[in-house]
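Chemist: Here it is, the structure in full.
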Amino acid sequence: MSHHEISCGLEYITTPNLQECLSEALQSSYAFIVMPIVHPRFRRSHQSSVGTVGGFSRSDMLLASQDWNSRIVGKLSHYLDLDSESPIIRQRHEDCLNEELTYSRGLGLPAVMLSLHSTNVSNLARNVLSYLDTSHHPTLIWSYVPMFCQRTLRDQESEENENIEVWDEPWRWWSTFHERINWDKRVGVVVEIPANLPPQEILKRWLGEPIKAIVVPTSLFHNNKKGYPVLSRAHQQLVVEMIEHEAQVIVSGARRSNIEYYLQYLYRLWKKRPYIADDPMLSYAKGWEDYLQIPLQPLADNLDTHTYNVFEKDPIKYDQYQKAIAQALTDIQKKRKGESINNESLSASTDIINSDTKESGQGDNALKEIDKAITVMVLGAGRGPLVRATLNAADITQSKVKVVAVEKNPCAVVVLTALAKEVWHNRDVTVIPGDMRQINLSPKADIIVSELLGSWGDNELSPECLDGAAGLLKSAGISIPREYSSYVAPISSARLWAAAKVANVTSCQMEKNLETLWVVYMQNKHDIGEIKPVFTFEHPAKGVKDHKGKEVLDYRGLPVTDNRRSTVLSWEVKQDNVMHGFGGYFDCLLYGKEMISIVPSTHSPGMISWFPVFIPIKTPLRVKKGETIKATFWRCRNPRKVWYEWIVEVGIRATPMHNNNGRSSEMLL
C-alpha cells in the first residue's frame, strides 16, 4: 500500500441484500466490505455434502466477478471450533470450514477472515494449511483476534489495564496459530481496537506482527461540537501507526453517524500525519519497507553506475566526512607548526653555540616542513565524492593538499580520470588504478580516507582492505574512519523471517536463506531487547603479539593483524514473544567528534546510505518473560573469504549453528 493511500472497508454483520450493501459502501468511498460467507436464512446440513441438493449461501450471480475478486472479504462462521473436545463437533465444524473455504475459492475472494478463540488450534491450522497448499487462487487468510480477552477478564475479576494477562492471551492465540502454520506469509492478523488501550509495550509487540487490518468499532468514536465522529488522541495515534505498517481499516458496529463521516474522518487523520518529506530517510525508503536485499560485495564485484548514483545522493554522509577531513587537516597543520617552532628554537640555540652552517641549514629545512602539501589518499575513491570532500575541506582550512585517488573499478577510474583533467585540473589530484592492498606508493599519506563500510559495519571487508593498505600510511598518519562497531538486537518479525525463507524457492536455497544477512529497511518488527555492540575495529590497527610480547610483522614490515572476532551477548526477556532473528546496525567514529550512525538511538539525521541488516535464525524461538536469550557471534576468515557464524540459546533450547564454515553466505577476499 502506498504511503499516500488509506484502504478502508465496512463490515456488515448480515447482508439482507448483498447488492445494496456493496453499492452503499462503494458510494461512500469504502474500498471493500466484510460479510459472512454463509447466509443466515440458508439451513446447513451437518452431514457430508455427498448426495445432498441445494446450497448454503447466495448465488455468485448476484455480483460481477470483479466485485467478488476485489471488493468482498468473506467472514467464516465465528462459532467454528475445529479443536473441540467433542469428536462429533470437531468433525462437523471441520466439514463446515472446508465447505466455506471451498466456496470462497470458487468465488475468488481476495481474503477470508476466520476467528481465533484459544491456543488450541492444531486442527484448524492443519485444515488451513491444506487449503493453502491446494488452492490455485491466491486467497489470503485473515485471522481475527480482539486486542484483549474478555473471558480472562471475567475469570480473574481484574481491571484490564492492571492485568497484563488479558492483553497477552489474544496475542498467544494468534502467535500459536501462526507458529502451527509455519509463519506462512499468506496468513495475517486482524486486530480489533478496544476502548481502553493496553500498555505501550503491548502495542509495540503487535506492530511486529503481520497486521493486515484493524477493526475500529463505531463505539470508539464520539461526536465533536459540530456533530461529526472523532477519535481520542491515543486512538488517533494508534490508528495512524497501524496504517503506516500497511494495515487496512475496517469500520464495524452500529451506525451512530453517517457512514461517510467515519471514512472522511479517517482520511483527514491520515493526511494530518507528519509529512514524509520532512524525513529524508522515510522519503528515500518509501516502497522499500521490509524488502530484502543481498549485501554488496564491492571488493569482489565492481559496482555499477546506478549503485554509485544512489550512494552519491547522500549529502549527510559526505558532509560528515568533509568535517572529519577538515579537522584532521587542522590538527596536522597545528602539529607541523608546533614542530616548526621547536625546531626553530633548537636551531637558534645551536647557532649561538656553534655557527656551523650545516647545523643552521638543518633548521631551515625543518622550517620548510610546514609549507609542504599534506598528502591525502582516498582509498576506493569510486566516482570522486570523497575527493570533492577533501578538496572542500582543504579550501575551508586553507590547507595545501595533494590528493591521491586509488580505485580498482575500471569504469570508476574512467570517471576519476576525466574529473582530474576537466574539473580538478588546477588542483594536485592523481588517479591511481589498482587494488589498495597491492599497490606501493611514495610519499606515504598523512591521511587515508575510505568509505568501505557495510550495513553491519565490517561486512564489506573494510578491516581487511585497510589493514592491507596500512603500508600507504605514515607511522603517525590519520585514518578516516578511525573506529567502527557493529550492533544487534533480538527482534520479532514474522514478515521478515517468512520473506527470507522464500526469497529463493528451491528447498536447498531456503536453508541457505536463513543463514544469510539481508539488508532491509525494517518496518514490521518489534525489538525484544536493547541494542548491544558486537564487533569493534580500529584503524590504524594494532598488530598481534608473539609469546614474548613483541609485535609480529609481515614481509613488508607491517603489523600482522587478526580480524577474527567472537562475542557472547545476553538479554533478559521483558514480555512473552517470538524471536525470529536480529536487527543489525553500526556506528562509526570518523575523526575527532565526527560520527555517522544507523543505530536507531543515534542515527545520523537525514543519512540514507545504509539500511540495517536482518540476521535470521533457522527456527523461531518462543521466549517467555524472565527468560534469558544468549547469542554467540563469530567473525571467521581463511585466505579466501570472511564469514559470520551465530547460535542462539534460551534455557535448554538452542538453534542449530548458523552458516558453519560459510556454507551459505560469505564475503570473498
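Glycine residues also receive a Cβ, built from the backbone N, Cα and C atoms like all the rest.
Got these off TrEMBL a minute ago, pasting:
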- Glu451: active site, proton donor/acceptor (ACT_SITE)
- Glu460: active site, proton donor/acceptor (ACT_SITE)
- Tyr308, Lys317, Tyr318, Glu407, Asp435, Met436: S-adenosyl-L-methionine binding site (BINDING)
- 30-271: domain 'PRMT5 TIM barrel' (DOMAIN)
- 284-480: domain 'PRMT5 arginine-N-methyltransferase' (DOMAIN)
- 483-666: domain 'PRMT5 oligomerisation' (DOMAIN)
- Phe311: site 'Critical for specifying symmetric addition of methyl groups' (SITE)
Chemist: Within the domain 'PRMT5 TIM barrel' (30-271), what mean pLDDT does the predicted structure show?
Modeler: 87
Chemist: Are there residues of the same chain, six or more positions away from Phe311 (site 'Critical for specifying symmetric addition of methyl groups'), whose CB falls under 8 angstroms from its CB, and which are they?
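Modeler: Same-chain residues close to Phe311 (site 'Critical for specifying symmetric addition of methyl groups') (Cβ under 8 Å, separated by 6 or more) are Gly382, Pro385, Ser609.
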Chemist: Tell me which of the recorded positions Glu407, Glu460 sits in the most Cβ-dense spot, judged by other Cβ atoms within 10 Å.
Modeler: Glu407
Chemist: Using a Cβ-Cβ cut-off under 8 angstroms and a sequence gap of six or more, which residues of the chain neighbour Asp435 (S-adenosyl-L-methionine binding site)?
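Modeler: Lys408 - these are the non-local Cβ neighbours of Asp435 (S-adenosyl-L-methionine binding site), listed in sequence order.
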Chemist: Only counting partners 6 or more residues apart, tell me which same-chain residues put their Cβ under 8 Å from the Cβ of Lys317 (S-adenosyl-L-methionine binding site).
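Modeler: Glu451, Ile596, Ser604, Met607, Ser609 - these are the non-local Cβ neighbours of Lys317 (S-adenosyl-L-methionine binding site), listed in sequence order.
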Chemist: Please find, for Tyr308, Lys317, Tyr318, Glu407, Asp435, Met436 as listed binding S-adenosyl-L-methionine, the greatest distance between any two Cα atoms, in Å.
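Modeler: Farthest Cα pair among residues binding S-adenosyl-L-methionine: 24 Å.
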Chemist: Rounded to a whole number, how many Å is the Cα of Glu407 (S-adenosyl-L-methionine binding site) away from the Cα of Glu460 (active site, proton donor/acceptor)?
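Modeler: With distance taken Cα to Cα, Glu460 (active site, proton donor/acceptor) is 16 Å from Glu407 (S-adenosyl-L-methionine binding site).
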Chemist: Given Tyr318 (S-adenosyl-L-methionine binding site) and Glu460 (active site, proton donor/acceptor), what distance in Å do their CA atoms have, once rounded to a whole number?
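Modeler: Here the two Cα atoms lie 19 Å apart.
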Chemist: Any idea what the Cα distance is from Tyr308 (S-adenosyl-L-methionine binding site) over to Glu460 (active site, proton donor/acceptor), rounded to a whole Å?
Modeler: 16
Chemist: In angstrom units, rounded to an integer, how far apart are the Cα atoms of Glu460 (active site, proton donor/acceptor) and Met436 (S-adenosyl-L-methionine binding site)?
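Modeler: On Cα coordinates alone, these residues lie 15 Å apart.
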